[in-house]
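Inspection log for the structure reproduced underneath, given as structure tokens.
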Amino acid sequence: MGAGSSSYRPKAIYLDIDGRIQKVVFSKYCNSSDIMDLFCIATGLPRNTTISLLTTDDAMVSIDPTMPANSERTPYKVRPVAVKQVSEREELIQGVLAQVAEQFSRAFKINELKAEVANHLAVLEKRVELEGLKVVEIEKCKSDIKKMREELAARNSRTNCPCKYSFLDNKKLTPRRDVPTYPKYLLSPETIEALRKPTFDVWLWEPNEMLSCLEHMYHDLGLVRDFSINPITLRRWLLCVHDNYRNNPFHNFRHCFCVTQMMYSMVWLCGLQEKFSQMDILVLMTAAICHDLDHPGYNNTYQINARTELAVRYNDISPLENHHCAIAFQILARPECNIFASVPPEGFRQIRQGMITLILATDMARHAEIMDSFKEKMENFDYSNEEHLTLLKMILIKCCDISNEVRPMEVAEPWVDCLLEEYFMQSDREKSEGLPVAPFMDRDKVTKATAQIGFIKFVLIPMFETVTKLFPVVEETMLRPLWESREHYEELKQLDDAMKELQKKTESLTSGAPENTTEKNRDAKDSEGHSPPN
């Protein structure tokens with residue numbers, strides 16, 4: 001304790017009272033008035049009596065906390081001091097002065113205490129800072145060790161494969177263990193209403209806002225309630241899904257949101273909750289969110305022709321769609337992201353099988369096969385038949401996956417530019433690697449109009465016409481925009497063709513003028529040398 005405790009040690013003064021030695025003890029924080037009162041009480045004098053202290057050689061001693069200490073052998077003598085009678089005014093002044101002096105004394109004592117407390121706090125803060133630095137270092141070490149373990153695990157599980165390219169990125173699969181920090185946006189009634197319609201403008205929203213919209217859909221459809229989904233786990237899962245979509249021009253997280261929002265709007269538009277079980281709705285929504293996870297931006301044709309790791313792994317059978325499924329269930333396998341944690345094992349098996357079936361159905365190579373099967377069932381469609389329902393769910397996710405042209409033109413058309421950009425990136429790479437190039441992906445052969453007309457005419461319209469037979473409401477809301485979109489691109493193609501024809505004529509006239517002039521000069525010379533017969 002040392003110096004810290006010595007400052008609080010009381011002071012002892014010895015008084016000689018009629019030959020009797022009286023010891024008086026007081027703290028250094030007492031003021032002069034308190035000490036004088038204490039001496040008066042010790043000598044039997046009335047309080048407030050003015051007294052003086054004398055040493056053994058009759059020298060006067062100042063009565064205050066700093067007065068010199070003495071011993072039993074050298075006690076101070078106490079002498080009352082005779083004072084004149086003072087007026088009431090003087091007594092009042094003296095009282096006020098005494099109070100002021102006492103306040104000053106207290107103020108000085110408070111300042112001293114403040115200084116001591118401040119010094120003590122400074123010492124504690126320094127200690128906390130040092131301890132905090134230790135914690136930071138420990139956490140950094142833990143993080144480094146965790147990264148090293150993950151890298152070692154990835155290396156141990158990696159198979160040596162003679163593939164040309166690998167698109168896997170296992171680092172993304174590690175979910176965030178803390179509660180996701182993206183802001184929880186409070187959706188306005190107008191946004192909630194618009195979110196249920198196919199006309200929703202998906203370009204107006206930032207990623208955090210799209211995450212909040214997806215979270216709202218699960219609550220609004222009753223999925224969080226019916227399957228006891230932990231809201232924090234739902235947010236963490238959505239954030240992990242977001243992190244596992246790549247920044248491709250087309251196949252990115254916004255496309256994921258676009259497809260899921262269209263599925264959500266079809267649930268409300270077609271009254272699907274009356275036709276399907278809640279588990280079916282959960283499968284439809286979750287498959288839509290996961291259907292393009294970790295898409296590398298190069299389609300199945302490229303994967304197969306380039307003999308990539310995905311093509312080899314899945315034996316050229318829907319390599320991308322199989323990869324999307326695998327990533328989806330790797331994320332769900334993490335306890336922190338398992339939104340199906342409360343679902344019984346048999347229920348989870350059904351959900352898993354349903355999601356795999358729907359995601360694999362998005363492979364456009366299977367389009368004709370799925371459409372033919374669905375048309376067969378349409379003749380006697382039975383909602384109680386599980387096979388019929390499965391085919392309908394496959395058609396629904398296919399509709400949502402390629403539904404951009406269902407939206408208003410100002411929302412749909414930018415997606416065409418995004419898709420063509422991704423196509424051109426692939427065709428450029430295929431040319432550089434000596435691989436086959438599809439004409440509809442070649443930047444030298446395709447235009448926006450030619451890319452869309454055939455797709456709308458032979459894929460989109462027939463598929464949505466089939467769905468309209470089950471849900472007539474689809475015709476006005478979804479089929480009519482497709483007809484209008486087809487007309488728009490046909491007009492655009494006519495304009496493109498007219499411009500090309502005009503360009504050809506201009507080039508022909510420009511390149512043919514010198515030749516025609518030469519021929520005319522030659523004819524004139526010939527006519528001069530050969531006169532026509534009479």
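Counting starts with 1 at the first residue shown.
Cβ coordinates are placed from backbone N, Cα and C, and glycine is handled just like the others.
According to Swiss-Prot, the protein has these features:
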- 175-496: domain 'PDEase' (DOMAIN)
- His251: active site, proton donor (ACT_SITE)
- His251, Asn252, Phe253, Arg254, His255, Asp292, Asp401, Tyr423, Ala451, Gln452: 3',5'-cyclic GMP binding site (BINDING)
- His255, His291, Asp292, Asp401: Zn(2+) binding site (BINDING)
- Asp292: Mg(2+) binding site (BINDING)
- Ser318: phosphoserine (MOD_RES)
- 500-534: region 'Disordered' (REGION)
- 517-534: compositional bias 'Basic and acidic residues' (COMPBIAS)
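Where Swiss-Prot records a feature, it is marked here on the structure.
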residue : record                        : DSSP (3 states)
His251  : active site, proton donor     : coil
His291  : Zn(2+) binding site           : coil
Ser318  : phosphoserine                 : coil
Asp401  : 3',5'-cyclic GMP binding site : helix
Ala451  : 3',5'-cyclic GMP binding site : helix
Protein Cβ atoms within 10 Å of the residue listed as 'active site, proton donor', excluding its own: 25
Recorded 3',5'-cyclic GMP site residues His251, Asn252, Phe253, Arg254, His255, Asp292, Asp401, Tyr423, Ala451, Gln452, farthest C-alpha pair in Å: 23
Alpha-carbon distance [Ala451 (3',5'-cyclic GMP binding site); His251 (active site, proton donor)] in Å: 17
Rounded inter-Cα distance in Å - Ser318 (phosphoserine), Asp292 (Zn(2+) binding site): 12
Integer mean pLDDT for the domain 'PDEase' (175-496): 96
Tertiary neighbours of His255 (3',5'-cyclic GMP binding site) (same chain, Cβ under 8 Å, six or more apart): Asp292
Nonlocal neighbours by CB distance (under 8 Å) for Asp401 (3',5'-cyclic GMP binding site), same chain, sequence gap 6 or more: Val259, His291, Thr362
Cβ neighbour count (within 10 Å, all chains shown) around His291 (Zn(2+) binding site): 27
Non-site residues, in chain order, whose CB comes within 8 A of the mean position of the CB atoms of His255, His291, Asp292, Asp401 at Zn(2+): His251, Cys256, Val259, Ala288, His295, Thr362
